[in-house]
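Report on the structure given below.
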């Protein structure tokens, strides 16, 4: 194995020991979340009636650009007035009413002035599919922005035939300082709910024969790394002797991806009942899923492999593998012998095996009361002329379930976290994405159109405060 990777993993493992003893976040109570009101910010809704908004970027034209997952629309918004224009609508985007598919990734070329490219990923019909339950594919595509006509043209499919389902699409796309595309693709919801008996592929990588045949089914549960033309970088890691688009493996639903000023890649990832993760992405790293959720600590999670169950009529007890129906093979995290495991920088949240996953406060929507917060993206705050005091080296992580945005402080090298995740902006909203203005004193936040969120009293509501909105939070300097 690469000596550089070994050194990084050793460092992260040492950090994990510190994290477990000092920085392992304890789940907050609803009353604690209710206090996260952030009085030092003025709130203003500048745009509403969006249809499943997903990605949010500050454009090279100093305007806000955002996407609608349901419609395939790419919108440009004036950050002051909220006036909006539809720049383009990606044709033939597939979005199921009950699915996480649609228009997903969105990024500008770093040198947009000389290379006016916009990169997207999305769900499209797969003409080669013979599976009625899985008829779609994910495509990573490049468009050229035409300034004269103010629209997108000349589509080029960089990578087609990627896995797609209704669940765990992830779909965050960023371009790194190395001029490579980084893309998160989830495990497609395998081993749970509608896909309970489908084998999870997060630990699998392609053979050379599969890669040559453009069979990408093992790309589920990965972070991919592509050249800007979609080809495989020569310096990508080798897995079982094969160099593919895969950069890291062992992911569940990594919906957040962001580079730091010093070139490190941070990621937020949704866990099962417990252990949402904040990760530092390391070349060739294995992040454990589905064998490990969070730390390799045998705490609150075990891998129940329903695809190996003989009886395909049994039900998931929704106990995070700690309790399962008879006949389901279960392995503890400590029993997993996978190589190159990279522990998270932080979890939200880790609990013991005795934790009650059936809190009656949430009624039938018990998943809302689970320790997880459902992190939906990640944004590295870079400050500016009006930077918020004390926010240096900060990662912002929106939550879908808790109606907050977490502020996570990291050390100056972005290698470890300093303190607990601090919740802010509590409301009955499902926060989807967040960015800051170039000056650093204004945050812009997208909210989901629909869904469930936990109220201040701990119960569940689907009546959202600002559904499908772009909200402006302006810092009031003391």
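Using the three backbone atoms N, Cα and C, a Cβ is placed for every residue, glycine included.
Marked as active site, proton acceptor by Swiss-Prot: 168. Cβ neighbour count for residue 168 (active site, proton acceptor) (all protein chains, 10 Å cutoff from its Cβ): 26.
Contacts of residue 192 (D-glucose binding site) defined by a Cβ separation under 8 A and a same-chain sequence distance of 6+ are given as 167, 272, 316, in order along the sequence. Taken residue by residue with DSSP, residue 192 (D-glucose binding site) is part of neither helix nor strand, so it is coil. Residues or ranges marked as D-glucose binding site by Swiss-Prot on the basis of experimental evidence: 100, 167, 192, 252.
The 10 Å shell around the Cβ of residue 272 (Ca(2+) 1 binding site) contains 25 further Cβ atoms across the protein chains shown. Summarising the annotation, Swiss-Prot assigns Ca(2+) 1 binding site to 271, 272 and lists experimental evidence as the type of evidence.
Counting Cβ atoms from all protein chains shown, residue 287 (Ca(2+) 2 binding site) has 29 others lying within 10 Å of its own Cβ. Mapped onto three states, the DSSP output places residue 287 (Ca(2+) 2 binding site) in coil. If you look up Swiss-Prot, you'll see 277, 287 marked as Ca(2+) 2 binding site, on the strength of experimental evidence.
For residue 293 (Ca(2+) 3 binding site), the same-chain residues lying six or more positions away in sequence with a CB closer than 8 A to its CB are 252, 271, 272, 274, 275, 301, 320, 333. Here Swiss-Prot flags 293, 295, 297, 333 as Ca(2+) 3 binding site, drawing on experimental evidence.
The 10 Å shell around the Cβ of residue 367 (pyrroloquinoline quinone binding site) contains 16 further Cβ atoms across the protein chains shown. What Swiss-Prot records for 367, 372, 401 is pyrroloquinoline quinone binding site, and it gives experimental evidence as the kind of evidence.
What Swiss-Prot records for 1-24 is signal peptide.
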Spatial neighbour of residue 297 (Ca(2+) 3 binding site) that is closest, considering only the recorded positions 168, 372, 401 and their CA atoms: 372
Neighbour-count leader, CB within 10 A, binding-site residues: 100, 372: 372
Cβ within 8 Å of the mean position of the Cβ atoms of 293, 295, 297, 333: remaining residues of the chain near Ca(2+) 3: 275, 288, 292, 294, 296, 298, 299, 300, 301, 350
Near-site residues: D-glucose, ref 100, 167, 192, 252, CB cutoff 8 A to centroid: 165, 168, 186, 187, 188, 189, 190, 193, 195, 253, 270
Non-site residues, in chain order, whose CB comes within 8 A of the mean position of the CB atoms of 367, 372, 401 at pyrroloquinoline quinone: 273, 368, 369, 370, 371, 373, 374, 400
Residue among the binding-site residues 167, 277, 297, 333 whose Cβ has the most other Cβ atoms within 10 Å: 277
